[in-house]
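Look at TrEMBL and you will find A:39-68, A:81-110 tagged as domain '4Fe-4S ferredoxin-type'. According to TrEMBL, the [4Fe-4S] cluster 1 binding site annotation covers A:Cys48, A:Cys51, A:Cys54, A:Cys100. Annotated [4Fe-4S] cluster 2 binding site per TrEMBL: A:Cys58, A:Cys90, A:Cys93, A:Cys96, in sequence order.
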Amino acid sequence: MVGTGLLKGLGVTFKEMWKPKVTTKYPDEPYELPNRFRGIQKLYVDKCIVCYQCAHICPTQCITIQEKPKADPKQKKKELEVFDINFEICILCDLCTEVCPTEAIVMTSNVELAEYRRDALHKDMRWLEANNTNIRELNLPWKATSSSS
Amino acid sequence: MRDWLYEPLTLGRFAGMALLIFGLLNVVLFLVTYAIYIQRKLLGWMQSRVGPNRVGPYGLLQTIADVLKLLTKESFIPSHVDRPLFLLAPIVAFAPAFVVFAVLPLTDRIAFSDIGVGLLFYIGVASLSTLGILMGGWASNNKWSLIGAMRAVAMMIAYEIPLVLAALGVVMQAGSLNLTAIVASQETVWNVVPQFIGFLVFLIAALAELNRTPFDLTEAESELIAGYHVEYSGFRFAFFMLAEYVYLFAMGALISLLYFGGWLPPHPALSFIPGGVWMALKTLLFAYFPFWLQATFPRVRVDQLMTFAWKGLMPLALVNIVLTAALKTAGVV
């Protein structure tokens, strides 16, 4: 019959009105990102052996590392003095976390980095250590599967 | 307040009337402000979005911010326009939109006039707005404006006729053009039942009169940018916008008066709720109904529009008149 399509269309829009919305209220309500999302790195200062692999692989050379002078000359383990990531140029490419032999640096799914001053984007080792929410649970899945099998 | 209309005009009554009219203007402006908000919210919800939610709680101040932005804009007149007509057009478009409220009785107590030819006055004055649109479109000296304005006029001619013919059925049944008398004649059963064909024709023709989707050819964004008000901005654009939305409420009120018993409750048992509430509910329902259509339907083509008006609605309205006359003669209604 002529005109039933119109009523059908009205029904579709009417039902759509009560359904949950596709868009989110992001800044008002937090938006859950997947756990493997490449966000701001978390650093475990104690795990770091100061091997410089992350600084070498970094495509934008945003990581600055300095070794702490050893108090006791017989001490073998190296310790961190400075570990800065410059988030002005960091592209969150995940390479530093991939090469790290001790998983001292891992990704989190936090992304909010907006600052009023550019200086504030140079995050130091204390700040990176304190960034301990939404940490990636399994850093290198292929290693985990190969070791278990 | 209705009593004042039959008593001699004193300075006090004049001042009271003027105050009430000013109050009505403010109510109408408020309704328009929030009609735009509700339109955007409804469209958002129907398109799986949340709609405006940034300015104020739930975005309630969004339209107010938009209006302030419009009013603080530079009052710009392009150099190539026909200046007097360009300046006059927004006023000619808006003034009738508010004038028609004079003949719309709001309840059995509140009415700003009680003239015998209320319906005729409404239809006559409402047509004047098209003149403002044509003036604006012509004076803008722009092809989009002119095409939009020509479409508005063509649509007005095509759809005013079925609109009036459909309303004629109601007039025949009530035996009066006075809107108060028309409402009074619906005491037992609302006109929408005996005049159902007329109601459908009237509703469709009213949508076309209001330039709402699916008949929004005059300001078809995708073809004509914004139609007749392409060259307008700031305050003058706000006037065109205002006229469009004020008509939405005027037409909503007219539909509820003609077909849904105005301030009469749906059932006598519900008469403890004041008539003003019923009138407001019905008016708002029919004022917001076009937004639902806007979210649903695409725009029709010009030739489809004309064919539909002259070959579809016109004969249907005429059939409605003949049927009403036959039933009236037979004494059924």
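Including glycine, each Cβ sits where the backbone N, Cα and C put it.
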What's the CA to CA span in angstrom from A:Cys54 ([4Fe-4S] cluster 1 binding site) over to A:Cys96 ([4Fe-4S] cluster 2 binding site)?
-> 4
In the domain '4Fe-4S ferredoxin-type' (A:81-110), how many residues does DSSP assign to helix, to strand and to coil?
-> 5 helix, 10 strand, 15 coil
If you rank the binding-site residues A:Cys93, A:Cys100 by how many other Cβ atoms lie within 10 Å of their Cβ, the lowest count goes to A:Cys93
Name the residues of the same chain, 6+ apart in sequence, whose Cβ is under 8 Å from the Cβ of A:Cys96 ([4Fe-4S] cluster 2 binding site)?
-> A:Gln41, A:Cys54, A:Ala55, A:Ile57, A:Cys58, A:Ile63, A:Ile105
Mind looking up the mean pLDDT for the domain '4Fe-4S ferredoxin-type' (A:39-68) in the predicted model?
-> 90
For A:Cys48 ([4Fe-4S] cluster 1 binding site), the nonlocal same-chain Cβ neighbours (under 8 Å, six or more residues apart) come out as A:Glu79, A:Leu80, A:Phe83, A:Thr102, A:Ala104, A:Ile105
A:Cys51 ([4Fe-4S] cluster 1 binding site) has its Cβ surrounded, within 10 angstroms, by a count of other Cβ atoms equal to 15
Once the DSSP letters are reduced so that anything not helix or strand counts as coil, what is A:Cys58 ([4Fe-4S] cluster 2 binding site)?
-> coil
Around the Cβ of A:Cys54 ([4Fe-4S] cluster 1 binding site), other Cβ atoms found within 10 Å total 22
List the residues of the same chain that sit at least 6 positions away from A:Cys90 ([4Fe-4S] cluster 2 binding site) in sequence and have their Cβ under 8 Å from its Cβ, in sequence order, or write 'none'.
-> A:Thr60, A:Cys62
Between the C-alpha atoms of A:Cys100 ([4Fe-4S] cluster 1 binding site) and A:Cys93 ([4Fe-4S] cluster 2 binding site), the distance in angstrom, to the nearest integer, is 14
